[in-house]
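Participant: Structure in structure tokens, see below.
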Amino acid sequence: VHLTGEEKSAVTTLWGKVNVEEVGGEALGRLLVVYPWTQRFFESFGDLSSPDAVMGNPKVKAHGKKVLGAFSDGLAHLDNLKGTFAQLSELHCNKLHVDPENFRLLGNVLVCVLAHHFGKEFTPQVQAAYQKVVAGVANALAHKYH
């Protein structure tokens, strides 16, 4: 991902304020509610029968935290996203058979959640930088599919 110094600063400054557990759970939960076909990858998570069940599900929250932990690792290695996400790409491609389009959807949901949590602080410039990052991460996660 090519980010200007200003964009990198905007991304890392905001990320330093992110509650990974809260934002991760909300982002994954929203993905499962807004795009219900993604729930098929999480059948072992128990009750996903309603939006309230999804958003309150402890396994969704825990996995969301794990997902954002990996995203944090990516932010520390923006110049080598493919390398950083190589193992996760292989896992999601070969073992889990996740449609790579879901990575793009989750990235966009994450941007929405960040905007919701940070309001005016999530300026159009910050959003533009995050859109580049989530697109880069989605591309890196889809790498083993090509």
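Cβ atoms are placed via backbone N, Cα and C, with glycine included.
According to Swiss-Prot, the record shows the following:
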{"type": "BINDING", "residues": "His63, His92", "note": "heme b binding site"}
{"type": "DOMAIN", "residues": "2-146", "note": "domain 'Globin'"}
{"type": "MOD_RES", "residues": "Val1", "note": "N-acetylvaline"}
{"type": "MOD_RES", "residues": "Thr12", "note": "phosphothreonine"}
{"type": "MOD_RES", "residues": "Ser44", "note": "phosphoserine"}
{"type": "MOD_RES", "residues": "Lys59", "note": "N6-acetyllysine"}
{"type": "MOD_RES", "residues": "Lys82", "note": "N6-acetyllysine"}
{"type": "MOD_RES", "residues": "Cys93", "note": "S-nitrosocysteine"}
{"type": "MOD_RES", "residues": "Lys144", "note": "N6-acetyllysine"}
Participant: Starting from each candidate's C-beta and looking 10 angstroms out, tell me which of the modified residues Thr12, Ser44 has the most other C-beta atoms.
Facilitator: Thr12
Participant: Rounded to an integer, what is the Cα-Cα distance in Å between Lys59 (N6-acetyllysine) and Ser44 (phosphoserine)?
Facilitator: 9
Participant: For the residue listed as 'S-nitrosocysteine', which of the listed recorded positions (Val1, Thr12, Ser44, His63, Lys82) have their CA atom within 10 A of its CA?
Facilitator: none
Participant: Determine, using Cα-Cα distances only, which of these recorded positions is closest to Val1 (N-acetylvaline): Thr12, Ser44, His63.
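Facilitator: Nearest by Cα distance to Val1 (N-acetylvaline): Thr12.
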Participant: Is it possible to get the count of other C-beta atoms within 10 angstroms of the C-beta of Lys82 (N6-acetyllysine)?
Facilitator: 15
